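Engineer: Next up is a structure, given as structure tokens.
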Amino acid sequence: MAATGGGADDESRSGRSSSDGECAVAPEPLAEAGGLVSFADFGVSLGSGAGLPGRSVGRAQSSLRYLQVLWQQDVEPRDELRCKIPAGRLRRAARPHRRLGPTGKEVHALKRLRDSANANDVETVQQLLEDGADPCAADDKGRTALHFASCNGNDQIVQLLLDHGADPNQQDGLGNTPLHLAACTNHVPVITTLLRGGARVDALDRAGRTPLHLAKSKLNILQEGHSQCLEAVRLEVKQIIHMLREYLERLGRHEQRERLDDLCTRLQMTSTKEQVDEVTDLLASFTSLSLQMQSMEKR
């Protein structure tokens with residue numbers, strides 16, 4: 001019995017097993033660095049195939065190579081990840097989300113701006129523009145505050161809107177610009193203001209009418225009318241001259257513009273109805289001649 005017990009002790013000391021006849025290899029303790037297990041060292045030991053019975057070193061390195069690569073990564077992968085994210089993307093992520101459209105309060109202010117322009121409410125239009133309302137904001141039919149003001153002939157509101165950045169060439173749902181609407185409603189001062197504000201000088205509407213056509217129509221009405229007072233006729237002729245001056249200046253016709261300057265000076269010196277009618281006739285002749293020249297240029 002003693003011999004048997006001694007044999008067992010010898011087997012345990014030598015590390016041999018009585019069951020399989022092979023050597024039992026004790027696993028190596030994992031190295032520790034600062035209280036943390038170094039998986040990189042463990043991966044290296046596995047990759048080398050040390051301590052694995054019945055497996056060659058080359059075969060072990062081939063089969064466990066992917067584990068070694070994984071375990072040899074940095075201890076703090078979050079820092080590496082953070083470095084790969086572009087700085088601009090981090091700033092955008094930290095920035096609060098921008099609103100995709102106007103708020104309900106802003107929508108109400110924009111509608112109020114268009115309604116006020118349509119109602120000729122100059123004070124409200126001015127206040128809303130000073131508060132930051134967008135003068136180019138349109139309704140569901142594409143109409144802006146400038147469209148309404150131009151159609152109504154309110155030159156003061158038109159000038160306010162232009163001063164705050166309104167687009168004189170913005171089209172509504174039907175393709176009409178503010179200049180189209182001012183021409184259709186025969187508002188000569190508004191046409192002059194829009195031309196000064198950058199409105200295009202090509203055809204006013206789809207019929208191809210220009211300020212020259214409008215001026216001729218207005219002058220024909222003045223020549224046929226006999227009931228208007230002197231000051232009313234003089235004011236209307238003056239407005240037509242200013243419109244044509246601005247229009248011809250935009251076209252680069254400086255000689256014709258000088259002719260209009262002479263007519264304007266002559267109009268200011270009139271004191272009787274006959275003198276005003278004479279200037280009106282001269283202006284009508286000038287307009288007809290300009291229309292003929294314009295027609296010949298298009299051919």
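Placed from the backbone N, Cα and C atoms, the Cβ positions cover glycine too.
So Swiss-Prot says this about it:
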| type | residues | note |
| --- | --- | --- |
| REGION | 1-27 | region 'Disordered' |
| MOD_RES | Ala2 | N-acetylalanine |
| MOTIF | 98-116 | motif 'Nuclear localization signal (NLS)' |
| REPEAT | 108-137 | repeat 'ANK 1' |
| REPEAT | 141-170 | repeat 'ANK 2' |
| REPEAT | 174-203 | repeat 'ANK 3' |
| REPEAT | 207-239 | repeat 'ANK 4' |
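I'd like to know what surrounds each of these features in this structure.
Structural biologist: Outside the repeat 'ANK 1' (108-137) by six or more residues, the chain places 102, 143-146, 148-149, 152, 154, 156-157, 160-161, 164-167, 170 with a CB less than 8 A from a CB of the stretch.
DSSP labels the residues of the repeat 'ANK 2' (141-170) in these numbers: 17 helix, 0 strand, 13 coil.
Across the repeat 'ANK 3' (174-203), DSSP assigns 16 helix, 0 strand, 14 coil.
For the repeat 'ANK 4' (207-239), the model's pLDDT averages out at 83.
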